[in-house]
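Down below is the structure, laid out as structure tokens.
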């Protein structure tokens, strides 16, 4: 198929930027003419998950400024605590004065884990609420999911690792530029003072009033006690002002003073900013005391989203003491003006992304891009080139019509990130006015987008003088579609104003209007030469870069695929592919490629069908001549003809399309390809349906034929579906499957063992088929070979197997593959096919069945560990999870079945307590007090050792405790009278006794007694 996509795209940049903000900014094609610059600003934040593992991210997808959203963490008390604001990378008010938001997308996901955590847990729930933040009252999971009934504005239970994407879609058009609250020159002021210019466009005003004759009466209020007079929910992100008056009357005590304060409160209940209305204001008895006020709050003071306000008063007696009784009555009004707060998208809608059950300390990443139209300040304008936006009402109308049907077109505000990535190709088709809408056709959106294109493009032709001839030629269609809304009294199309009324029109009746075939290409209108020939529209220039290609209207044409083969011999196909053909009424050889011209076949009624091989007579009776032409592509209402050197076709695949064309003569575009053989007025199936179905899907069409047909998806289908994400089972039934009023000779049936209806039937081929049938009946091996061939053909892998055979002439690779192929009933095959059997895909379990199986697996595992209370029913009540550590500790200590979803933190973090035995304590005391053989330790020392064991919950003493015990033992030994006596110490200076001398063996030693 000829690929002209690079030369034929007509992109609408605005809608492309809306649906895919990462492609960059684009000027809004309305009639707001201000010189501006386009800029993309990124936002990247790594948010730390709190202790509870839950939090809330509030996005303002349409806010025209640096504010993107805010992050709140859920506290254990159940309330939210403000963490930080989410802004663009650059602070826009520093360099720019005005801005308009073009598009914005943000992604929330987590891919990091804190220390000690080895699994990425947690889910994300997201909802776009068509209201303000203060109007939400329930922030739980059920509360968020019930905030809207639109299925395209909420998603739930998305894994935190996959993430969600928030897409900003406009809620209004024709919006003016918004002042950013930028600093302005302040001549003559102190340099420390800061003057800013905030937006005053489209203010949101909150007025707090009481019913008639209502007065707030304070009877004997103690002095110094705060009294709340007014409370109200408000929403503010930008500068605000508050004004009003209070009237104090019936003051019965002299020297009364009052303090009046206004508090602006954030989403988490904390005070964002406080304004003092009056301080030490004296009240006079016997009169009405008026307290007027008018205060302002700049954007810089609003550090988090404001959702409510309250007014409080404190009265006290001058010179008195706290607690003195005071009596007064007050009435009044209050008005809060949020500047720019009523700008569409500034405060509503809001998108809330809640994450839960994420590991504490994990990081949730928020990343995205915001595209703006910006008007720089005078300093930056000196070095920055600005340009006017391109006024394109056709693109604006197309964008409005697409987004007005976004629910039917599957365009959401919140997406699972993976799904949003898959839809990018579909968004590119929506943004390209010349795309054939193949992916949209697979999703079922093609008819809606085609109708929108028809109504959006003709409006443009009424805007420019060069389009006058086409406007007159197309007047019937425009008047039918738009009626009185096509032109205003001035003669200018209402679409030029860009107002919402340009998006009106009878879209659902659009398909009934006659398409004149004129196309608009880059605001250049081309009238084809001799566009109407024999009732067939032939336009030589529908697309840029395709002016030399012939195009015809699908109105009055039927389509059918033909399998084309190249043969080494008459029975062995070498290559197999398919080509789409169209049947056109009349003799139109000028539209055929040169290889087909001059070739025709006659029908039973004598008419000609050009493009067929002249082989006998076509078994049909027709009332006129027809031409069969090959085609390369199919667009909304036109088909592009092919000039490839394709030979004349043979076979009976086109007979059904010719008969359908001759009998019914359709006058509406046919958006389906036909295939089937005629046999005695009955339509029968033909072969190679897998190949033909793939050809139809490549052109974004369905294939219709006799009966339902189920496709065996093989490797070819896996590759094809990866490139073209369509449903491979798109086999439709024709509205008329039986043509009873065709003559009995209108068709014939081919009985070919090869099931190749496109092979030319010759006597030699018929003899070969008969011989093959006889051989199959006589030889079971040959019959098996025919069955293998039919299996290859039915699954569309004949060409793949032929190419594989060329690369494996000795079949070594095939033998190894078959030897190592999985066997039926093996573990891998049971895991893949279940109990359905080898080669039969088992039905996957439903979510409920999968959950029950998971509960049973967890329960069985717990039973093997001796945890018998974790039955499948208990696991289901516990959130389909096994027992937590707290539940296990509770069961081990109490032997009672823990409550599901109860964590029992006291049992998880409690200190382990075990008592040491008396023998263990005595042995330790003896070892510490002295060596074996010494005196037993006293009872006081044994008690000291026991106290150490008790302090350590049964554990042995640590080093410090051991030192203390040794010192205690030494002290006790010195003062203990029952201690063992010390060993005598030798005298260091005493002389040793002289040993007797040796006198001989026979001489006795003379003693002192002998001397006496």
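Just so you know, glycine gets a Cβ as well, placed from its N, Cα and C.
Remember, predicted model here, so these are calculated numbers, not experimental data.
According to Swiss-Prot, the feature region 'Interaction with VP1 protein' maps to residues 1003-1012, out of the candidate ranges 953-962, 1003-1012. Your range for region 'Disordered', going by Swiss-Prot and the list 890-930, 972-1012, is 972-1012. Counting other Cβ atoms within 10 Å of each Cβ, the lowest count among the recorded positions 30, 653, 692 belongs to 30. Here the C-alpha separation of residue 692 (active site) and residue 653 (active site, nucleophile) works out to 10 Å.
In this structure the C-alpha atoms belonging to residue 653 (active site, nucleophile) and residue 30 (divalent metal cation binding site) are separated by 51 Å. Reduced to three states, the DSSP call for residue 30 (divalent metal cation binding site) is coil.
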